[in-house]
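Engineer: One structure, as structure tokens, below. Some questions next.
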Amino acid sequence: MGFLYLGLGIPYFFWRKHKHAGFIILYGLTFFFANFGPNTTTFIVPAELFPARLRSTCHGISGATGKIGAVVGAVGIQRAWGSSGEYNEGDPDSKLKPMRAALVVLGAVCFLGTVVTYAFTPETMRRSLEENEKERETESDGPAVAL
């Protein structure tokens with residue numbers, strides 16, 4: 001997804017000037033990979049990682065956090081860059097610069113999200129939910145600390 005956003009953002013002025021069909025194809029692929037990648041970490045991985053007694057609550061919190069991040073990314077950043085009033089009437093590309101910057105930053109955020117996900121998400125492949133639950137219980141069975 002990050003490569004697709006960079007492929008849309010870096011040559012953005014070329015895409016706009018030539019009305020190329022490649023832009024539509026790349027943009028369509030971002031929707032495919034959005035459901036294939038980040039949605040997995042928002043909906044499937046939490047169902048495997050959270051303890052059974054808290055699973056539905058934590059799953060809801062995880063989903064809500066993903067939605068809040070999407071709103072901030074889609075609306076907040078574009079508004080912040082688009083409402084700066086720095087449009088130059090003599091330069092027709094000045095209105096396109098915020099969109100180009102948003103696409104490039106979005107590509108960078110995708111790469112950052114990949115690194116964070118791989119660094120902080122434990123591997124659950126080839127293990128049942130019960131095995132994950134038992135592993136968590138044995139990890140938390142340390143010496144009790146009296147306060």
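Note: Cβ is positioned from N, Cα and C throughout, glycine not excepted.
Curation does not apply to TrEMBL; its annotations are automatic.
Sharing the features that TrEMBL gives for it:
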| type | residues | note |
| --- | --- | --- |
| COMPBIAS | 127-139 | compositional bias 'Basic and acidic residues' |
| DOMAIN | 1-125 | domain 'Major facilitator superfamily (MFS) profile' |
| REGION | 127-147 | region 'Disordered' |
| TRANSMEM | 21-38 | transmembrane segment |
| TRANSMEM | 101-120 | transmembrane segment |
Engineer: Taking helix as H, G and I and strand as E and B in DSSP, count the residues of the domain 'Major facilitator superfamily (MFS) profile' (1-125) in helix, strand and coil.
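Structural biologist: Computed counts for the domain 'Major facilitator superfamily (MFS) profile' (1-125) are 102 helix, 0 strand, 23 coil.
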Engineer: Could you tell me the mean pLDDT the prediction assigns to the domain 'Major facilitator superfamily (MFS) profile' (1-125)?
Structural biologist: 82
